[in-house]
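*Asks:* Copied straight from TrEMBL:
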- 23-41: transmembrane segment (TRANSMEM)
- 47-71: transmembrane segment (TRANSMEM)
- 83-104: transmembrane segment (TRANSMEM)
- 116-136: transmembrane segment (TRANSMEM)
- 148-167: transmembrane segment (TRANSMEM)
- 231-251: transmembrane segment (TRANSMEM)
- 358-378: transmembrane segment (TRANSMEM)
- 384-403: transmembrane segment (TRANSMEM)
- 415-435: transmembrane segment (TRANSMEM)
- 447-467: transmembrane segment (TRANSMEM)
Amino acid sequence: MSASNSIGSAAVTGVFWSIVQNWGGKLFTSILFIVLARFLSPTDYGMVAAAGLVLMLIQMLSEFGFADAIVQKRNLEPSDVNLPFYVSVAVATVLAIAVCVFSPELESWFEVEGLAPIIVAICILLPLNTASLFQEVNYRRALAFKPLAIRTFISNIIGGVVAIVFAVTGIGVWSLVVQVYVATVVNLVWLWRKPHWLPGITLKPDTFVELLRFGSSALGLRIVEFGSTRLIDFIILGHYGVAVFGLYTVGSRLYQLLMQLLQSALYDVSLTVLSRISQERERMAELYKQSITISAIFSTPIFVLSAALAPEICSVLFGAQWQGADAVARPLLLLGALQCVQFQNGPFLSARGRPDKVLIAGSVKAISTILLILLVPTENITEIVIVYAFGQLASTPFTFFYVARELDVRLSRIFLLLLPSFTSCGFCFVLVQWLRPEIKMLGTSDFISGILLGLIFSVMYILLVIVTGRSGVRSTIALVTSKIASRKERNA
């Protein structure tokens, strides 16, 4: 078997199990999220989400961007990972202790009574998460996504069942904390019981500096992303309180879920596989065009459909106590319709050794988002979310420009590949809004209304995209069927 076929086979297998990992785990946690929303209040979710902001930031700082650096490095030796591992775990431990010591000050700053013990409880897990991350990176590098998928599913099931039991018994917000603890411990045990890498005593400062140099760009991008994407969290928490922040957390859940389901699975494999063919520019260009076409045809309409049906979805899933969540979900889902395509640019630029370009685009997005949120006056949470969505779009021209230049693909070609799906989705979105009052006049429930409107959207989209983007649909179907056929031949 040729090297290219071997990589292609590994990629297809990796994508399959990465999708199982993301879809299986995220779908289960989403079901769990819906069940818990029936027992917990917006304040409960807001408190854990506030503590999660702290954990997310220090987890990101302690990792130094080593994960992406390790995945993309060619000819990596096991001993190359030792020093980054020890440094990251040490920094994670120090930061966790510092956060625990200053948790009362953080509670006062957030103005959320009772937040300090939750922050302490969650941040204790930081060193364990860091240790799990390094083992997971080595699984990903080996394209061993099947055990990762099983790990995710098992940890989510165990943690979820325990959380539901605690919520039913009236533990409240601590049921969410217990869920995090159980999932983290299961995660750690699963990954380290059959390790793909074990830390040793050989330390390589030169390799450490090389990995840190690459990782610093990735870390810088994540810090910028955190600033641009999480500023809205702090503003909502500070201006409207923890209960409204909990409402925002639930309203944004569908957007986050779809981004994780439809894109994160591909990203884990993309960077790993693309790094192995990073010198083959023409081949990467063809893969890029295929990737954005598939995302536009299949992923974008899912986001737009969800945005169109946001009132029905939120009503059916979360109930009356979460009224207003749909106003948060809709602009974010429309943002995701474009981001799910734009998301493809990052792995291709990183694989080509240009994370600096991703950082520049991310900086533009961060600055634009921050300026818009701070300067544009808003009166409610919905208006803040809309302003945030426009700020997130600021980097879109930059990322497409950089990847087009790096892969020698014309911007006009990219535009034409995306046009059929985007125009079809826009028409179907408007159609659903126009028909909703007519459907409501039939006296149907939100569930039935959502089914009817969803069917109308889906049928109309399929017809339009076949008419307007026939060549893209045909090539996409041919690609998928060829991969399935080749897989059957290998298994025969």
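Placement of Cβ uses the backbone N, Cα and C atoms for every residue, glycine included.
Those TrEMBL annotations? Automatic predictions, nothing curated.
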*Asks:* For the transmembrane segment (447-467), name the stretch out of 231-251, 384-403, 415-435 with the most CB-CB pairs under 8 Å.
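*Replies:* Against the transmembrane segment (447-467), the leading stretch is 415-435.
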*Asks:* Using a Cβ cut-off under 8 Å, which residues of the same chain at least 6 positions beyond either end of the transmembrane segment (415-435) come close to it?
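*Replies:* Same-chain contacts beyond the flanks: 289, 292-293, 296-297, 300-301, 304-305, 307-309, 334, 337, 341, 453, 456-457, 460-461, 464-465, 468-469, 472.
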*Asks:* With a cut-off of 8 Å between Cβ atoms, can you find at least three pairs linking the transmembrane segment (231-251) to the transmembrane segment (384-403)? Only pairs 6 or more residues apart in sequence count.
*Replies:* yes
